[in-house]
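All remarks here apply to the structure that follows.
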Ligand SMILES: O=P(O)(O)OC[C@H]1O[C@H](OP(=O)(O)OP(=O)(O)O)[C@H](O)[C@@H]1O
Ligand SMILES: O=c1cc[nH]c(=O)[nH]1
Ligand SMILES: [Mg+2]
């Protein structure tokens, strides 16, 4: 089980520099997507620290050795649609053997409650390390609902990866899912009256896909 603290704030200069570029409203869609892919790989480095290791016997040009390798333990990456796909793609480049699931949720902009439209996850969820990804943790309603669904599917060892988190969202997640560590690139000031993270970066899905 996880040793990660409830909240990990990744302050690495490369992450912070790229995040600033993403926040800028003048950054075009294609650049925004590329930056998210790059940051996802740096954040993946943090959230996968506890992947179980084993060794295997190999022969280098010099001699035989017992070399470290990832244990065959099953990893599931779960994207919370749509915006989660922006983190998923980069992580899959690093860990191509991971299984992938999707939780389709959108936030009703009046009630700020999540509306579910899709759910598909790999089998044997109870045996997997599960990393749920969504760039934005605002009220926390979407991530809490997604993790509720993952637990219903059997998942027990879950982590949550995001780009921006609000203090309100972190508190809500801690109350609902105290066993799920959060890794984020930033903790912003607050939510505005419409549930948007301030200063934030706007609507992550719209900025990734050019919708609005
Ligand atoms: O913490 P919350 O207050 O629930 O808000 C965060 C959610 O809002 C955004 O998704 P959105 O509903 O815009 O869907 P999209 O990814 O399809 O754009 C974001 O990607 C999170 O899923
Ligand atoms: O600031 C926010 C809040 C919810 N969803 C977003 O994409 N951005
Ligand atoms: Mg959106």
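Placed from the backbone N, Cα and C atoms, the Cβ positions cover glycine too.
Just so you know, TrEMBL annotations are computer predictions that nobody has curated.
Since the structure is predicted, the reported quantities are computational estimates derived from the model, not experimental observations.
Taken residue by residue with DSSP, residue 203 (uracil binding site) is part of neither helix nor strand, so it is coil. On its own chain, residue 203 (uracil binding site) has 196, 212 as residues at least 6 apart in sequence with a Cβ closer than 8 Å to its own Cβ. Positions annotated as 5-phospho-alpha-D-ribose 1-diphosphate binding site by TrEMBL: 82, 107, 134, 135, 136, 137, 138, 139, 140, 141, 142, 203.
Remark: residue 204 (uracil binding site) has 83, 86, 135, 136, 163 as non-local neighbours, by Cβ distance under 8 Å and separation of at least 6 in sequence. Among the features that TrEMBL reports, uracil binding site is placed at 197, 202, 203, 204.
Residues or ranges marked as domain 'Phosphoribosyltransferase' in TrEMBL: 11-211.
For ligand 2, the binding-site residues lying close by, meaning a CB under 6 A from one of its atoms, are 197, 203, 204; the full candidate list was 82, 134, 142, 197, 203, 204. Between the alpha carbons (Cα) of residue 202 (uracil binding site) and residue 82 (5-phospho-alpha-D-ribose 1-diphosphate binding site) lies a span of roughly 15 Å. A simple way to gauge crowding: the CB of residue 202 (uracil binding site) has 16 other CB atoms within 10 angstroms, across all the protein chains here. When the Cα atoms are compared, residue 82 (5-phospho-alpha-D-ribose 1-diphosphate binding site) and residue 197 (uracil binding site) turn out to be 18 Å apart.
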